[in-house]
Amino acid sequence: MSEKFSPTLRLGDLNDFIAPSQACVISLKDSKPIVKKSDRPQVVIAPKQQLEPVKISLKDCLACSGCITSAETVMLEKQSLDEFLSALSKGKDVVVSVSPQSRASLAVHYDISPLQVFKKLTTFLKSLGVKAVFDTSCSRDLVLIESCNEFVSRYKQANSDDGENSQSPLPVLSSACPGWICYAEKQLGSYVLPYVSSVKSPQQAIGAAIKHHLCQALGLRLHEVYHVTVMPCYDKKLEAARDDFVFDDGTQDNGDLKLTEVDSVLTTGEIMDLIKLKGVDFKDLEESPLDRVLTNVTEEGDLYGVAGSSGGYAETIFRHAAKALFGQTIEGPLEFKTLRNSDFREVTLQLEGKTVLKFALCYGFQNLQNIVRRVKTRKCDYQYVEIMACPAGCLNGGGQIKPKTGQSQKELIHSLEATYMNDTTLNTDPYQNPTAKRLFEEWLKEPGSNEAKKYLHTQYHPVVKSVTSQLNNW
């Protein structure tokens, strides 16, 4: 069984002889009437029917209470290098968005800086026919701004006179990790989902920016644009395939054409495989100028963004909430207190001897269970929790490049963190990002607006776990 997916999405006792159609429990139809039959024996000669082969897509995996089996290569055929190369060969307008975690992984592997990686990767991808290479740090700033607005709104609502009846209670649980979201929908259901932030992940936010704004601004035909993201996590492939991120073309000629915000997701490891496949010496590639339209890069050529290696959600929202709710400007680094282990930390804001804000970082499913129990028993005293399924967070995603010979996973994570934090990247406030400001002015209007809710928010769906009820429909 492949270890690429997060533990929640794997079924450990399956082998490679099990095909998706055998393991999947999703029904072919929503309902089938129950027909009462007589107990008397009957002989019926029915005409032979030519049955169509059953096809199971990746969306089916997200819609049922099954799991990804060892035949995930079949289900993920549209999330592969072959599909990416096929889109290029068909003359599609291919756009690639690269995550900062993937850049850090490539930087450590090739022993160069993340900025050099980005410029060389731009050279490499454009040599294949890619039209533009963007930076998901840009969309992450959009998401952080919207998340700050969401938290302040939910905090005020929860602390109002009618706070007990709030439909958006505290704590707010972050939503950027697809492994955590899939687990919450399939295993935790309705008692946890109301706490989850409705703000999209940076991957889906940049997909929305490209498909719902940039294409229109540049006069591109939506069905000709093929958007690919490079991510540290295989579960991002599942996220991109959700029905929530499918939309209509909107034109008269292609009114029934279904499009997705992200057409395909490639992991960092798959990008390295592509480099090897093309026989390229990556370190010897020239460094191309970066595409500035959706990239956090200064006029001097430096990258900028938040410092958090898993998105910086807790820190950014904590600083904003301290200022917006209590008038406190926090200078310098936040002092996170380590609790059970380095993957479970908390930070508090004290005013006049009273704790007014209490946030937590929670990485890995072992620590996640602790938070879930507290939420379920209504004993969680945090107002916000940044949750990631992988221990050590996104830098340790299953799609990252594996350790070199003689290097331990722990040593690799330390190298990734040092590279990510000590990069030439400038640590900046998302609210000061000129690209984010422009996108709000031209497209989203302001944080919390109807446009922002339409394009930067999503919803979650508790999945019924009863296999019996599903089998009744077969």
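Placed from the backbone N, Cα and C atoms, the Cβ positions cover glycine too.
What you see is a predicted model, and the numbers here were worked out from it, not measured in a lab.
Features as listed in Swiss-Prot:
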- CYS24, CYS61, CYS64, CYS67: [4Fe-4S] cluster 1 binding site (BINDING)
- CYS177, CYS233, CYS390, CYS394: [4Fe-4S] cluster 2 binding site (BINDING)
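With a cut-off of 8 Å between CB atoms and residues at least 6 apart in sequence, the same chain places SER99, GLN101, CYS177, PRO232, CYS233, SER309, SER310, GLY311, MET388 near CYS394 ([4Fe-4S] cluster 2 binding site), listed in sequence order. Summary: among the binding-site residues (CYS177, CYS390), the fewest other C-beta atoms within 10 A of the C-beta are counted at CYS390. The 10 Å shell around the Cβ of CYS233 ([4Fe-4S] cluster 2 binding site) contains 30 further Cβ atoms across the protein chains shown. In three-state terms derived from DSSP, CYS394 ([4Fe-4S] cluster 2 binding site) belongs to a helical segment.
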